[in-house]
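Trainee: The structure's right below; bear with me while I get my questions together.
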Amino acid sequence: MRQPKKQISSVEVRSFGHKSNLFFNILLAIFAFSCLLPLIFIIIISLTSEQSLLADGYQFFPKHWSLAGYEYLATMGGQLLNALGITVLVTVFGTLVNATFTSTYAYSISRSSFKYRKFFTVFCLITMLFTPGMVANYIVMTNLLQLKDTIWALILPLAVSPFNIIVMRTFFKRQVNESIIEAARIDGAGEMRIFLKIVLPLAVPGIATISLFAALGYWNDWFNALLYIQDSHLVPLQYLLMKIQSNIEMLTQNAAQGAQYAGGMANIPQEATRMAMVVISVLPIAISYPFFQKYFVKGLTIGGVKE
Amino acid sequence: MVEIKLDHIYKKYAGNDNYSVTDFNLHIKDHEFIVFVGPSGCGKSTTIRMIAGLEDITDGELKMDGKVMNEIAPKDRDIAMVFQNYALYPNMTVYDNMAFSLKIQHVNKAEIKKRVANAAEILGLEAFLDRKPAALSGGQRQRVALGRAIVREAKLFLLDEPLSNLDAKLRVSMRAQIAQLHQRLKTNMIYVTHDQVEAMTMADRIVLTKQGEIQQVGTPSQLYNQPVNQFVAGFMGSPSMNFFEGELHENRFTTLDQQLTVTVTDQKLQKLRDAGYANQKVTMGIRAEDIHTGPDLLEKMADAKVQAKVDVAELLGVETMLYVTNGYQEFVAKVNAQNTHRPDEIITLAFDMNRAHFFDSQSQVTIA
Amino acid sequence: MQGVNSTVKAKVKYKKRHPSFASRFKSNLPLLLFVIPGAIWMIFFFYIPIFANVVAFQDFHFSAGGFLESLRTSSWVGFKNFEFLFSSNAAWVITRNTLLYNLGFIVLNLIISVFFAIVMSQLRNKRLIKVYQTSMLLPYFLSWVVISYFVYAFISPNQGLINSLLTGSGGKAISWYNAPQYWPFILLFIGTWKSIGYNSILYFASAMGVDPTLYEAAEIDGANKWQQIKHVTIPALVPLMTLMTILAIGNIFRADFGLFYQVPQNSGSLYNVTSVLDTYIFNGLTSTGDIGMSSAAALYQSFVGFVLLMISNAVVRKIDPDSALF
């Protein structure tokens with residue numbers, strides 16, 4: 001309504017007629033709702049009382065509501081907190097490492113004055129053409145690097161993303177004009193200062209994007225834990241969820257190890273607790289991603305793979 | 001403030017068979033305004049970038065005050081540079097852009113403030129010091145780029161096509177500002193442009209290059225009035241000099257299609273004969289402003305009269321540009337606007353043969 | 001006056017002043033340091049593992065003495081592992097499943113996300129579009145573990161919503177995790193559902209980049225909505241569609257492990273329809289412990305994937321060089 005005239009005309013040209021507009025709105029709304037529905041369902045289950053769950057199964061409109069699942073989680077402490085701690089540590093540290101390594105590599109190969117630029121560009125591109133495969137990676141990780149059952153096994157496999165390097169290289173090339181770097185060189189700035197003072201501030205949107213992707217990758221990672229982690233102290237949240245899914249008794253085993261639950265061992269609300277854990281693991285993402293959405297969307301548009 | 005010597009400089013890029021700059025020799029004296037001019041790809045930007053230290057010198061020596069600079073880092077060459085696209089740091093304010101180099105050199109705060117204020121005053125940027133480059137107009141950005149160079153108080157200013165991104169009107173006023181700046185700062189300036197008007201109006205000396213080789217070095221009037229070859233003659237001046245292929249018979253020059261014939265002045269004729277061009281092929285060049293249609297001049301230059309058909313007449317105010325055809329030969333005349341001519345009219349023009357140039361048809365070197 | 005004669009090009013040799021190697025190396029050093037961490041990572045997580053694929057030709061056993069010791073002590077068996085792999089029924093099943101599922105994903109993703117993108121670009125209410133996009137992105141950001149809980153909530157044999165609806169209306173409960181006939185549809189639906197949001201936003205961004213004056217010109221030329229979409233919007237999306245499809249074809253031998261392992265809960269009775277290269281390799285590596293066979297399968301996967309990527313890129317380059325990946 002308050003848009004300038006020019007925009008209104010372009011919107012008009014791009015728009016459906018009123019009838020088809022309504023039809024397609026309904027269509028999209030149904031699909032969009034289908035994307036939210038399962039999470040809503042899980043939240044409802046986590047708030048359902050155990051008796052209702054056992055009697056009626058999972059229902060959108062349960063007979064009895066209950067916070068027992070969350071109450072039990074709060075007393076559970078130990079394993080859950082530990083898993084959460086591992087996930088947070090791996091996500092924070094891993095994201096930092098990933099963003100640093102990826103952007104420094106990308107920056108170097110974006111600079112036309114870098115003498116070994118061609119070599120390192122090809123060095124990185126080759127890794128995208130061929131994949132070594134799960135077995136070879138497993139052997140190198142466990143047998144050569146001996147990283148099984150260490151926190152590094154959760155961090156290192158995702159520490160660099162060759163694809164993001166190529167994307168960021170294009171981004172640097174577009175965003176940071178070579179002559180700005182030359183001007184800084186004449187002004188007397190060294191490479192480190194050029195990178196930190198001139199290039200980084202210009203690259204914030206790109207670095208934010210790759211960092212968010214990296215953070216998401218670490219937060220959601222369970223595959224590396226599945227392969228490399230047996231030590232229960234190093235189990236991240238997603239892997240814990242996975243283990244509990246196939247073996248719900250893990251919850252009670254954990255309770256037996258220490259925590260006191262008011263309702264007594266037999267009344268542990270297993271189903272609700274499990275779903276409450278899912279909700280806890282999803283919440284940080286579900287709350288934050290709408291704010292970062294524009295960066296995610298930029299992800300593939302900030303730089304085509306090709307120059 | 002500094003004496004610069006380029007001694008047989010060569011530049012070859014990796015993967016390129018040809019030299020981008022070949023045997024570049026130049027001696028720049030104190031407080032000189034040098035303009036490198038030439039068509040694109042002539043090596044002028046490469047040369048200035050070698051002087052800045054942004055490109056390696058493949059062969060030869062660059063000396064400043066007698067000291068070889070080839071391997072000195074750009075920051076230690078005591079130079080300032082203005083880039084074609086301004087190369088302002090987008091994340092810094094105008095003040096920080098200008099102060100950046102001084103901060104790196106650990107100049108004390110008060111001094112930085114003083115120098116930036118001074119530069120801002122010279123350039124009329126006082127009101128914009130807190131703005132980011134994105135909030136400035138093209139002309140303002142250009143001035144910030146100049147300001148960044150000024151605060152350096154460098155011995156040598158390098159300007160790489162600094163005005164080519166500005167509109168025509170702004171370019172004229174910035175031209176004057178840069179010339180004033182040179183007067184005021186008394187530094188050496190090397191200015192790269194492809195625009196011969198900028199070169200003519202600003203330079204103490206012009207260096208005209210083509211395909212990496214120097215064609216001629218000299219004052220604007222030397223290049224304009226005494227070009228050493230056909231390329232220089234054609235490049236300097238607008239519109240370009242008219243060239244006629246022809247032969248010399250007796251004292252007359254006749255075009256190959258026999259349609260145009262004019263009498264060569266005694267002095268030029270003597271030079272041509274001495275050089276062995278009697279009855280030989282030569283190229284004659286004459287500038288548009290040396291072709292006239294006024295009745296008095298037609299009479300005066302009776303032995304260099306030419307008939308031609310008017311194709312287009314462009315009225316420029318005081319003058320009219322006539323695009324005419326004689327036989328197969330097209331040429332341009334810049335004549336007094338009082339003599340009106342219409343398209344398709346057959347008119348008589350007179351060549352001022354005192355101001356004609358003659359070039360070897362093969363090597364294009366100036367003969368007379 | 002110099003350089004008068006431009007025909008003289010002979011280069012006069014003067015004092016050579018090439019920048020020394022040392023000074024050149026020094027000036028490149030900071031940028032070199034910047035690439036080192038990434039390069040080391042690539043060595044350990046790409047170049048060495050590539051070499052480690054030789055275990056596919058070995059009867060490999062882990063040795064406590066480290067990787068080289070393991071390589072040295074394991075005996076070479078030539079193509080035996082491959083022979084075993086391809087003579088088993090598994091090779092056929094996993095190849096078929098991997099290819100067909102991925103083909104399904106490529107087609108469904110392309111059609112649905114382009115359709116959604118075009119629809120979104122034509123909707124009138126811009127704020128609603130934002131709401132739709134945000135909702136559609138949610139599954140993309142969640143892990144397969146979480147998605148598998150979502151699926152479980154609906155099809156859990158005892159508490160699942162669908163089964164209680166079935167029994168409630170007098171039908172019989174279905175033991176979903178033991179009923180292979182449903183899984184191709186479940187997997188295709190879940191896999192597409194998770195990624196459609198991201199892909200359609202990608203195409204949407206591309207569709208919004210089309211110069212609006214093109215639509216104005218089409219309008220003036222008398223094109224109706226459908227003709228405008230067909231002649232303006234879709235051609236503008238083709239390069240991105242091509243790029244995404246090459247990338248997908250290059251990965252067609254690579255199944256989404258989480259989808260095929262976690263969503264069916266690695267249920268043995270579903271293997272015939274859920275087993276793909278990645279899950280087969282994983283199971284071989286971790287439970288059956290047959291490293292030789294699973295490394296042979298992994299090398300088979302990598303090699304065929306590489307060949308497919310090369311072929312699809314070559315084909316695209318032939319048709320439209322600008323859309324090719326390299």
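Including glycine, each Cβ sits where the backbone N, Cα and C put it.
Quick caveat, the model's predicted, so the values are computed rather than measured.
As annotated by TrEMBL, transmembrane segment applies to C:31-52, C:99-119, C:131-155, C:182-205, C:232-253, C:297-316. Among the features that TrEMBL reports, domain 'ABC transmembrane type-1' is placed at C:95-312.
Please situate the listed features within the shown structure.
Mentor: Long-range neighbours of the transmembrane segment (C:182-205) within the same chain, counting only residues 6 or more positions beyond its ends whose Cβ lies under 8 Å from a Cβ of the stretch, are 101, 104-105, 108-109, 112-114, 116-118, 120-121, 133, 135-140, 142, 147, 151, 155, 174, 176, 237, 240-241, 244, 256, 259-260, 263-264, 270, 273-274.
For the transmembrane segment (C:297-316), same-chain residues at least 6 beyond its ends with a Cβ under 8 Å from one of its own Cβ atoms are 53, 56, 82, 85, 91, 94, 242, 245-246, 249-254, 277-278, 280-281, 284, 323-326.
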Trainee: May I ask for the residues of the chain that lie six or more residues beyond the transmembrane segment (C:131-155) and have a Cβ under 8 Å from a Cβ within it?
Mentor: 116, 120, 161-163, 174, 176-177, 186, 190, 193-198, 200-201, 204, 256-259, 261-263, 265
Trainee: Taking residues 6+ outside the transmembrane segment (C:99-119), which of them lie with a CB under 8 Å of any CB in it?
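Mentor: Residues packing against the transmembrane segment (C:99-119) from afar: 136, 184, 187-188, 191-192, 195-196, 199-204, 206-207, 229, 233-234, 237, 241, 244-245, 248-249, 251-255, 260, 276.
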Trainee: Mind checking which residues of the chain, 6+ beyond the ends of the transmembrane segment (C:31-52), have their Cβ under 8 Å from one of its Cβ atoms?
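Mentor: Residues packing against the transmembrane segment (C:31-52) from afar: 67.
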Trainee: Six or more residues out from either end of the transmembrane segment (C:232-253), which same-chain residues have a Cβ under 8 Å from its Cβ atoms?
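Mentor: For the transmembrane segment (C:232-253), the nonlocal Cβ contacts are 98-99, 102-103, 105-106, 109-110, 114, 117-118, 121, 199, 202-203, 206-207, 209-210, 214-215, 218, 223, 277, 301, 304-305, 308-309, 312-313, 316, 320, 322-325.
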